[in-house]
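Annotated features in TrEMBL:
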ACT_SITE  Lys111  active site, for glutaminase activity
ACT_SITE  Cys163  active site, nucleophile
BINDING   Ser190, Lys196  L-glutamine binding site
BINDING   Asn453, Glu482, Lys612  deamido-NAD(+) binding site
BINDING   Thr477  ATP binding site
DOMAIN    4-263  domain 'CN hydrolase'
Amino acid sequence: MKTIHVAAGSVNQTPLDWEGNLSRILAIIDQAKSEGVQILCLPELSLTGYGCEDAFLMPNTAERAEWMLGELAKYANDIILSVGLPWRHHHTLFNTAAVIVDGEVVGLVGKQHLAGDGLHYEPRWFSEWPQGEVVTTRCLGKEIPMGDLMFDIGGVRFGFEICEDAWSATRPGSKLAAYGIDFLFNPSASHFAFGKQKLRERFINEGARSCGCVYLYANLLGNESGRVVFDGGPLISNCGDLVASGKRFSFKDHVLSSAHVDIELNRSRVASTASRRVEVKPHPGLVTVKWEVALSDRAPTSLAQHCTYSKEEEFTHTLGLALFDYMRKSYSRGFVVSLSGGADSSAVSCLVFIAIQLAVKELGESGVRDRLAYMALPAESAEWMKVILACVYQASENSGDATEQSAQKLAVAIGAEYQSWSIGKLVDGYTQMVSGGLGRQLTWESDDIPLQNIQARVRAPGIWMLANVRNALLLATSNRSEAAVGYATMDGDTSGGLSPVGGIDKAFLREWLVWLEAVGSDEVGTIPALHYVNSLQPTAELRPSDQGQTDESDLMPYPVLEAIEKATIRDKRSPKDTLTLIADEFGERYSYSQLKAWVVKFFRLWCRNQWKRERYAPSFHVDDKNLDPKTWCRFPILSGGFAAELRELEES
Ligand SMILES: Nc1ncnc2c1ncn2[C@@H]1O[C@H](COP(=O)(O)OP(=O)(O)OC[C@H]2O[C@@H]([n+]3cccc(C(=O)O)c3)[C@H](O)[C@@H]2O)[C@@H](O)[C@H]1O
Ligand SMILES: Nc1ncnc2c1ncn2[C@@H]1O[C@H](COP(=O)(O)OP(=O)(O)OP(=O)(O)O)[C@@H](O)[C@H]1O
Ligand SMILES: NC(=O)CC[C@H](N)C(=O)O
């Protein structure tokens, strides 16, 4: 029995960082070679970075990619390697995977199904490679084959499904299988979304099982370009059995996952599958190279350990990695949060703590120091959080002791710097100034919203100033539920450069805080000081306390808001259909007329506040309900706002 040692690798790249990207790829090749790996699959567009956006259209980007490919090839002897890069052919850009065999680039495979949904905009920059087409292209001074290729390297045969290719109904693997393949390579740039790794495992295992081959799946890793998080976790399936499953959410520059596979056994299984359809002629894009793949006497790798994360754990790891990468890639000296002691700002503060905890756990103190070498971290790691995070409570006359205590206890528990400021005089100053100009006193009876908003706005300049002083990032605390209905003061509590929880709904955020208080993750543990936060009702605390303001009395219960948002925005239901769905889900708890009023309120606020969503700080994508107008959910700023549909609904 002979086996081949194969691997899939994840790398944490940065768009347009030519030298950094190259060095990280060289490092993973080094590791693979030192472990005796013979075949290595690396992620989609991993030379340039997946998120180059319109910089893909700069000729310089493709030129640099070709230069990097040349540098890489010089280094990649004794191995078969695939790496993703943009490639120009006939003045058109294609999303390709290059194959290097023992230091020679032998072919470029074109992606056949471009990703254009959700946050993916590939058709803006790339053209789909037409199925079955093969051409030659000039690469590093030589003519090489390009297109719908299949490879035979010393008798070892493989082909490609490039990310979205494998998600489509017409995946290339099924055609390739008819020609007899030992491996399918899948270089991917597949963004994190809750529960998505299970879905990936399903189609990888299914592709490997139905094609009777080994499937190498290599995803990108980390917060590559700001909003999108890749969870890494390279996978290898042997004929439907997962034999390697690399670490997800790693803080390292790369993760290599390898397995020993017995392709002779797979071939004999394929031969005994009577139902299999065979193409007897050679594949039209067959690239044959004489090079001996080294075989070993090692036994084949048996089933991989599955690591399944709960939704709470996935959120913890994704956001931790996203924040850590954002901080180091933007060279920020930590973060500043205006901490109210409520759920949103507490969650954001905890996430900064988690980012550092997870980084130390995986990289060690010296690894974190290396990554953050641009900032002066104290000698004692126990002091790091004071430098990395500053939290400020900003009391107005409507603030309560409970929120201040909650803020202070949490900041101390996570080791952040804590300050308490009073904004009362500033609020009075503005109120008197405007009252003087108007020639009348502003009152809660006639000026409710302006008197609320001035408090939120007065909190912004001081906290921005502190961020400037510390060269830190000001974190905004808006969540997706508030963004859906514009429940925030523009240039007040929306202030900040990054909005970590802007992609997540408030209902889940509250559940996650309860989980973090009492259950926690293996790596980070619990934060019992969240007890104070979790015992509070969400409130803006902007009206006098005798008015008992809560978010849910201003809006509606958060679970209802989340369900309406899902129906309306994600599933694009009409107001009437949304009400039918909501009545089905919540009909036993709330009256039909109450639910109707909430649906109408949601639609009105949703339409009226698109301009606010255009102005929110960038946030991270964590599921398929994002509201970010630049990368996901486009909606007119000015619109008729479904006036007719809402009137009909109210009259029904
Ligand atoms: N289409 C459009 N394009 C551009 N700008 C537009 C616009 N429509 C209105 N505007 C502008 O927007 C202004 C109104 O927006 P804005 O000033 O933000 O205020 P607004 O949306 O009217 O009120 C803020 C709401 O957020 C709530 N809040 C505030 C702070 C914190 C929290 C919390 O979650 O704890 C909640 C508060 O209770 C209130 O219900 C108008 O005065 C107008 O200038
Ligand atoms: N007293 C305060 N001190 C400091 N910041 C505050 C204060 N009140 C509000 N803020 C800022 O305004 C933001 C918006 O308030 P909001 O009520 O939406 O969030 P929260 O207080 O964190 O959570 P919750 O809505 O659950 O009470 C807060 O997250 C915080 O950044
Ligand atoms: N880069 C891609 O083709 C990604 C598309 C795929 N649907 C994913 O999210 O994983």
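Note that Cβ sites are derived from N, Cα and C of the backbone, with glycine treated the same way.
Sequence features, as recorded in TrEMBL, placed on the structure.
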residue: Lys111; record: active site, for glutaminase activity; DSSP (3 states): coil
residue: Cys163; record: active site, nucleophile; DSSP (3 states): helix
residue: Ser190; record: L-glutamine binding site; DSSP (3 states): coil
residue: Lys196; record: L-glutamine binding site; DSSP (3 states): helix
residue: Asn453; record: deamido-NAD(+) binding site; DSSP (3 states): helix
residue: Thr477; record: ATP binding site; DSSP (3 states): coil
residue: Glu482; record: deamido-NAD(+) binding site; DSSP (3 states): helix
residue: Lys612; record: deamido-NAD(+) binding site; DSSP (3 states): helix
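With a cut-off of under 6 Å between the Cβ and any atom of ligand 2, the recorded positions Lys111, Cys163, Ser190, Lys196, Asn453, Thr477 reduce to Thr477. Cα separation, Ser190 (L-glutamine binding site) to Cys163 (active site, nucleophile), rounded: 7 Å. Long-range Cβ proximity for Cys163 (active site, nucleophile), meaning a same-chain Cβ under 8 A and a gap of 6 or more residues, is found for Glu44, Lys111, Ala115, Asn186, Pro187, Ser188, Ala189, Ser190.
Note: the deamido-NAD(+) site is recorded as Asn453, Glu482, Lys612; in the same chain, Ser478, Gly486, Tyr487, Ala488, Thr489, Met490, Gly492, Asp493, Thr494, Asn609 also have Cβ atoms within 8 Å of that site's Cβ centroid. The record assigns Asn453, Glu482, Lys612 to the deamido-NAD(+) site; their largest pairwise CA distance measures 15 Å. The recorded positions under consideration are Lys111, Lys196, Lys612. Their Cβ neighbour counts within 10 Å are lowest for Lys196.
Checking the recorded positions Cys163, Asn453, Glu482 against ligand 3, the ones with a C-beta less than 6 Å from an atom of that molecule are Cys163. Rounded to a whole number, the distance between the Cα atoms of the residue listed as 'ATP binding site' and Asn453 (deamido-NAD(+) binding site) is 16 Å.
In this structure, the recorded positions that sit close to ligand 1, with a C-beta under 6 angstroms from any of its atoms, are Glu482, chosen from Lys111, Cys163, Ser190, Lys196, Thr477, Glu482.
You'll find the Cα of the residue listed as 'ATP binding site' roughly 14 Å from the Cα of Lys612 (deamido-NAD(+) binding site). Lys196 (L-glutamine binding site) and Lys612 (deamido-NAD(+) binding site) have their C-alpha atoms 30 Å apart, to the nearest angstrom. Each of the binding-site residues Ser190, Asn453, Thr477 was scored by the other Cβ atoms within 10 Å of its Cβ; the lowest score goes to Asn453. Shown in sequence order, Asp344, Ala488, Lys506, Asp551 are the residues of the chain, 6+ apart in sequence, with a C-beta less than 8 angstroms from the C-beta of Glu482 (deamido-NAD(+) binding site).
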